[in-house]
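*Asks:* According to TrEMBL, the active site annotation covers A:237, A:245, A:276. Feature annotation from TrEMBL assigns domain 'TSEN34 N-terminal' to A:12-81. The domain 'tRNA intron endonuclease catalytic' feature in TrEMBL is assigned to A:210-287. Marked as region 'Disordered' by TrEMBL: A:132-160, A:187-207.
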């Protein structure tokens, strides 16, 4: 259905909808996670399980820091989805429109073909299992001479069941015989090839106070996730959050911003309780960037006394 | 009947005595007296509550000789105050290999006295760290050859990441201690 993950090409369009930075393509999401340590958070409901919100699906929402980093590194660019959609929708006619509809139809056909192939394989497996179990059943009856007299009725009853079992998958497979393509619900209102290639200057993400710390940690290979669950700006993971526990609760501050000591002690206490360090950091506006001392970070742990 | 007027105050506490005896040396100092009192309160706590020894209050930076942002204490804890998680792994491996436990010798630590009512900032912490040496003066001197043989020497002495103990005093005389590292140091798995 969708193109494989390898086919993702930079820069990646990031949809800006109602102030949120969203990604709708699962290949893009996988690619950013694997190649650029950007996770985002899944916020979409799952159609088959609409009544729960523990497991969520596409789209992925990016933190403003993540969006800004992608734009700054020219990995992605921001598309104002509403403006682009209205502009595109009014002029979406003729050949373009036909092409788009054809691509949807093609995807639908492909999906149907895959589903059909799976159904055939399932039926095949079931038949093979049936044949094996039948073979096992008939073996002991052959070995014992006493039951040989009862053989003919046994076989006939087997044949009855068999015809029943074979008959049942048949109607379902006829359902696939129709050549109608599956209905596809596209996650975006345009095909990827029709996106603006930086025709107009894309809107820049707004300035985020925690960005310097985000970039600093991200450049050191850390994965950053929203830090709400520990009351910080970010949770900092040493690798993919699916494989590692977080190392730090990171809070960003201005260099001269006053921090009440109780906040530091509270953060240190909480961090130690959950086996993490409490990290504070910010940018020194007076240091020159070449010395590498521009960002200052401090890690706070309980002293144990 | 009115109670008789109190003629005698109760005798001063050990802490107050400690502060009184050091008072004369503050007069010439460039730091305000309350910071000296704070440092002495923390020193008292370290010495009598936590069994620290060889406590010294430093008023000037060992690196630049200019006055420190505030008096800072250095001292020797009864046991090691901090072991880096990687060092811990190294020690456990070595102990498992040799079958003998490795004795841990305490290192001298910096202690930064603060009061709960204060507000700090990244800039202030940076100023303190910039003025302090990695290891407090009069720390354990090890010979170059000997040092390489100690398990975990990559995390000890001059090789360690700059750190200090943030001692925070409250009005009820509670003191809490938190380790602050200069930079990103991964947490211990307590």
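Every residue gets a Cβ built from N, Cα and C, even glycine.
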*Asks:* My list of active-site residues is A:237, A:245, A:276; which of them have a Cβ under 8 Å from any chain B Cβ, in sequence order?
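*Replies:* Among the active-site residues A:237, A:245, A:276, the ones whose Cβ sits under 8 Å from a Cβ of chain B are A:276.
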*Asks:* In the three-state scheme derived from DSSP, which category covers residue A:237 (active site)?
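*Replies:* Assignment for residue A:237 (active site) reads strand.
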*Asks:* Within 10 angstroms of the C-beta of residue A:245 (active site), what count of other C-beta atoms is obtained when all protein chains are considered?
*Replies:* 14
*Asks:* Check each residue in the chain of residue A:276 (active site) that is at least six apart in sequence and keep those whose C-beta is under 8 Å from its C-beta; list them in sequence order.
*Replies:* A:230, A:245, A:246, A:247, A:248, A:249
*Asks:* Mind checking how the domain 'TSEN34 N-terminal' (A:12-81) divides into helix, strand and coil residues in DSSP?
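*Replies:* Tallying H, G and I as helix, E and B as strand, the rest coil: 21 helix, 27 strand, 22 coil.
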